[in-house]
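Following: one structure in structure tokens, then a few remarks.
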Amino acid sequence: MDRSFIRNFAIIAHIDHGKSTLSDRLLELTGSLTAREMQAQVLDAMDLERERGITIKAHSVRMMYKAHDDVVYQLNLIDTPGHVDFSYEVSRSLASCEGALLVVDASQGVEAQTLANAYLAINNGLEIIPVINKIDLPSADVERAKEMIEGAVGLDASHALPISAKTGMGVEDILESIVHLVPPPKGNPDHPLQALIFDSWFDSYRGVVILARIKEGTVRKGDKIMLWSNKHQFLVEEMGVLTPKPVAIEQLEAGEVGFIVANIKTVADVGIGDTITHVERPCLEALPGFEELKPMVFAGIYTVDAHEHTLLREALEKLRLNDSSFFFEPESSVALGFGFRCGFLGLLHMEIIQERLEREYDLDLITTAPGVRYKITLTDNSVIEVDNPSKWPDSTLIEKIEEPIITAMILTNEEYVGGILKLVEEKRGRQKNFEYVTGSRVMLTYELPLNEIVLDFYDRLKSVSRGYASLDYHLAGAWESPMVKLDIMVAGESVDALSTIVHKDFAYDRGRALVSKMRELIPRQMFEVPIQAAIGAKIIARETVAAMRKNVLAKCYGGDISRKRKLLEKQKEGKKRMKRIGKVDIPQEAFLAVLKVGENS
């Protein structure tokens with residue numbers, strides 16, 4: 001097909017602003033699916049995506065649209081994940097397009113994630129078409145939404161398209177705007193092959209399926225291709241386009257988007273953002289912007305039932321087939337048995353993986369408190385990276401500790417600013433910027449330690465702003481912090497699963513909160529059980545679970561005091577001996593409760 005009739009575009013929207021519904025309408029209008037095949041949110045194939053109303057993986061769909069000028073155009077919609085954990089995937093999806101629809105909810109206006117992705121699109125030089133959705137709602141305010149697009153994003157919104165994706169009103173105008181405003185792709189089918197991978201998934205029959213946008217050149221069935229980053233070579237076995245059903249074709253040329261199957265065994269071989277080229281006639285340079293995805297948040301995952309350990313390993317291996325950004329390694333804990341130390345892109349990513357393990361593989365799991373990776377310079381000037389409290393070096397060997405930080409953009413209404421400022425101060429944030437986007441909407445930019453965000457920041461932000469704040473963040477390097485390892489000891493023995501890394505200034509409060517919570521949860525024994533919080537050898541907080549005792553004086557009616565004293569002394573001796581040899585079983589609830597302590601302390 002002539003490249004001047006191809007249009008590649010993405011949809012940028014905040015969660016719940018109607019991106020997947022709009023995609024459904026576009027598919028319906030262009031006749032890509034029959035009425036029988038339509039179901040809500042066609043592109044969100046995972047149950048979890050439908051339920052949470054989020055898009056996790058990027059998809060692409062080819063639609064043929066006969067415009068009002070009687071020309072048939074090929075429109076490639078490249079679906080993007082909208083959540084902050086997957087922002088790198090979004091940036092690669094946007095790099096595959098020439099245009100983007102910026103969808104804003106008429107009743108809610110611009111939110112933080114929309115902003116972050118809109119900036120990405122502007123930086124990629126995309127033609128942006130503002131669309132105001134949900135105008136059928138009684139609370140819709142189109143003028144305010146336009147004002148916010150102009151104030152926050154800096155786009156001219158006077159020609160913004162008012163639509164309702166639910167009823168289909170105004171959706172045809174979007175297709176016409178895409179045809180007339182989005183530029184056709186550049187590129188020459190005769191140049192050496194250069195294609196951008198923007199998604200991949202694992203198919204149990206065909207191996208890895210790659211979604212790619214061909215920037216230069218042509219790829220055909222039977223070609224030998226090479227991945228630029230690792231120089232691995234593969235033979236193209238089949239290729240095609242999604243309409244959203246897969247349709248096989250013989251070749252893809254510059255400007256087109258499609259899938260390639262090339263007998264690739266694992267997703268780990270295929271980096272999102274990598275460049276595909278021919279082995280015989282390679283391109284001169286890779287496409288810009290490729291980076292290896294690194295896990296940011298770490299947690300231990302254990303099964304409640306120790307016998308399910310092998311099932312957990314199999315489940316993790318299957319998930320890893322489809323998700324190269326997720327990593328795991330075996331670890332064992334005295335308290336919880338065998339499990340895995342897992343790395344995730346962020347909190348949502350962690351929740352999704354945990355939920356998929358429980359739902360698809362029917363496992364009962366315990367997750368330890370999430371933490372981040374610290375860079376520690378030791379006294380002998382060597383540098384190590386630690387993401388697990390059990391590997392934390394002795395404090396006498398540490399020269400300095402650096403923790404990862406993020407830049408957070410928070411959009412909210414001005415009446416909630418006070419509560420939010422208090423929250424970010426408490427989380428050790430440093431203010432970078434404070435500006436009014438419109439009359440009453442404020443954008444705060446803060447630098448915060450990632451460690452403070454992983455526990456409960458998002459939930460608390462929602463509660464102090466009554467749900468009116470939205471958050472977007474990206475990594476911003478590291479800063480030096482006095483972090484310490486907080487150990488919890490029960491009956492004099494350290495419980496490894498409860499150790500956490502905390503900032504020195506908060507260690508005392510966190511220790512107090514943990515031991516008092518543990519005291520409520522550990523059942524009374526026949527001897528007293530001390531519960532202590534310690535930093536190194538220094539005990540900073542202590543609670544005691546009192547012993548249960550039998551009334552040994554019950555059978556003494558009156559009688560001499562020395563007789564009573566003798567019985568009490570004898571009981572005391574017995575308790576002492578039990579305390580020396582007694583073992584305390586810590587119930588499962590204690591671990592789960594401790595993970596929740598961070599939410600209130």
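Every residue gets a Cβ built from N, Cα and C, even glycine.
Values in this document were obtained by computation on a predicted structure and should not be read as measured data.
Residues or ranges marked as domain 'tr-type G' by Swiss-Prot: 4-186. Model confidence over the domain 'tr-type G' (4-186) stands at 76, taken as the mean pLDDT rounded to a whole number.
Positions annotated as GTP binding site by Swiss-Prot, on the basis of sequence analysis: Asp16, His17, Gly18, Lys19, Ser20, Thr21, Asn133, Lys134, Ile135, Asp136. Residues within less than 8 Å, Cβ to Cβ, of Gly18 (GTP binding site) and separated from it by at least 6 positions along the same chain comprise Val103, Asp105, Asn133, Lys134, Ala165, Lys166.
Shown are the binding-site residues Ser20, Asn133; the one with the most C-beta atoms within 10 angstroms of its own C-beta is Asn133. According to DSSP, Ile135 (GTP binding site) sits in a coil region rather than a helix or strand.
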